Amino acid sequence: MTYNAGNYDVIVVGAGHAGVESAYAAARMGAKTLMLTLNLDMIAFMPCNPSIGGPAKGIVVREIDALGGIMGKVIDKSYIQMRMLNTGKGPAVQALRAQADKPIYMKEMKHLMENEENLTIRQGMVNELIVEDGICKGVITETHAAYYADSVIVTTGTFMRGKVLMGDLEYESGPNNQRVSIKLSEDLEKHGFEITRFKTGTPPRVNSHTIDYSKTEIQPGDDNPKSFSYETTEQITDQIPCWLTYTNEFTHQVINDNLELSSMYSGMKRGTGPRYCPSIEDKIVRFNDKPRHQIFLEPEGRDTEEVYVQGLSTSLPESIQHEMIKSVPGLEKAEIMRAGYAIEYDAVVPTQLWPTLETKRLPGLFTAGQINGTSGYEEAAGQGLMAGMNAAAKSLNKEPIILDRSQAYIGVMIDDLVTKGTNEPYRLLTSRAEYRLLLRHDNADLRLTDIGYDYGLITEERYQRFTEKKQQIEQEKKRLSKIIIKPTEDIQDIMEKAGASRLKEAIKAYDLMKRPELSYDIVDQMIESNLELSEEVKEQVAIQIKYEGYIKKAKEQVDRMLKMEDKKIPEDIDYDAINGIATEAVEKLKKVRPLSVGQASRISGVNPADVSILLVYIEQGSIAKVAND
């Protein structure tokens, strides 16, 4: 018999990277929130790599922070190394990456959760959903506790019917030998959800004392590290380096000789693995012309000797892993502390979701994170934040929030998932964003902080600082457009020292800054303004001026896209009644049920001719409706 254990506005199932963002956002918005987790000691656990950020992913962390989420704040307090990547390239692909101290990250996140006013945290295994009249009303745990809520968010990561694979060894488990969730997955199937099976893997961890670092290349952090969070004021300067080494022909021989022993290649593994984070077995088979592959040695924290062997994800037997490790320069005497393994798990086919991350089949039920077919902590956190905001909005009778593809990488990811689906673990890449010049590391706050403020996730004090920054940027651009720089000898000397061609005539400071050789500080030196502006404001002014033409073109593309997004598709549309649309397109449209013509145009199998017919049909319906009115 179940018992009523409490009533809430929002219940979050799981406390990984999606779960903590969901719970925190919902609670901050004023929703009475419950977060249930299998193990209170594993909140925000990092089961795989000890890092946050990187290309596209680092920008997602900035977006989370700009909206009022917490991943950026917590990693800023717990990193052992911080690096800005792609600094030699344009601002659209620059991204921050932090090496995390795993135990400290978890400790900081748990502290934040425990001290959030509207948030209750409980340890417990959720076995089934409470469904009444086709609407999700809560959850039931294995201890028969029934918790009721207006909205439920499931963020189970890789725990649903998780199975660990290593050679011929196979056993039910979540990451790091945690308990696995069986009944919740079965319950979702009972309610008609289409479930798929994915796989991910992790490499061995070795003892730092047994590594010969003299045979590797040092990878230090930045001298002046930047922050993920706009609220961080102090940086950690006591950084720990990572180290680079490589596989070789001997490593590849060991792997090739034992491929049939890998659960990846022996037929044991049924789940689809990640294309962009392949196992070492997969790399050797797919890229057999490559003589070597990079291996990064990444410390897992300040107070542990465990070192993560980035690049050697494997499901080979433990005995072969020892052999493989010892073939790598610097690791000849390395001792494995934890062996690598693959893990298979259940995921929900994401085309069953609305762009709010609420499920189409069960109103009131949301899903976020790896359960939706993604890979990576950052992708999970971004979805968790949006699911939390929308679940709270539903409970509090507020408008839902849907970020479009021009607003955020988070918007790109969610649109890809719910519109196109994915047949492998989805990873965010800069190439997935058609408007990536607008979705930069430096401007996440300008894109999203107004939204975070409107939904109650940004404090008044922070919003005041943000509006002042916006004003300073606009005022400085206006000021530079009014200042004329004449070609005096002093100015020509500055130009030559900067490697720029001499001025032929007087020019506005604004136009001069468009020259690639001239930074904001160089132009500022010419006009001797001595203004006290923050580095963030200077950076933003320079980028907006230098890339003005490209940004303008990108915004024109966005305007065209938004016209298609504004053409809403009626909820009761009958696709079978539309003459001329291809059969495959009708099937896909009925399955995805797009909200707009723009979303319909991005569905695989729906071609431009189908979109044109759909547009005409909708417009004719609108005309008929007006005539009848």
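Using N, Cα and C of the backbone, Cβ positions are placed for all residues, glycine too.
If you look up Swiss-Prot, you'll see G14, A15, G16, H17, A18, G19, V126, S181, Q370 marked as FAD binding site. Look at G14 (FAD binding site): DSSP puts it in coil. Sequence-distant neighbours of G14 (FAD binding site) (same chain, 6+ apart, CB under 8 A from its CB) are L36, T37, V154, T155, T156, G157, F159, G369.
Annotation comment: Swiss-Prot describes 273-287 as NAD(+) binding site, evidence class sequence analysis. Applying an 8 A CB threshold to same-chain residues 6+ apart, the list for F287 (NAD(+) binding site) reads H293.
For G16 (FAD binding site), the same-chain residues lying six or more positions away in sequence with a CB closer than 8 A to its CB are A44, F45, T155, G157, G369, Q370, A380.
When the Cα positions of G14, A15, G16, H17, A18, G19, V126, S181, Q370 are compared pair by pair, the longest gap among these FAD-binding residues is 18 Å.
Distance from the CA of A18 (FAD binding site) to the CA of S279 (NAD(+) binding site) is 24 Å.
Recorded residues K283 (NAD(+) binding site) and A18 (FAD binding site) have their alpha carbons 29 Å apart, per Cα-Cα distance. Secondary structure from DSSP puts V126 (FAD binding site) in a beta strand. Distance between Cα atoms for V285 (NAD(+) binding site) and A18 (FAD binding site): 33 Å, as a whole number.
The Cβ of A18 (FAD binding site) lies under 8 Å from the Cβ of T155, G157, A368, G369, Q370, A380, A381, Q383, G384, A387, each of which sits 6+ residues away along the same chain.
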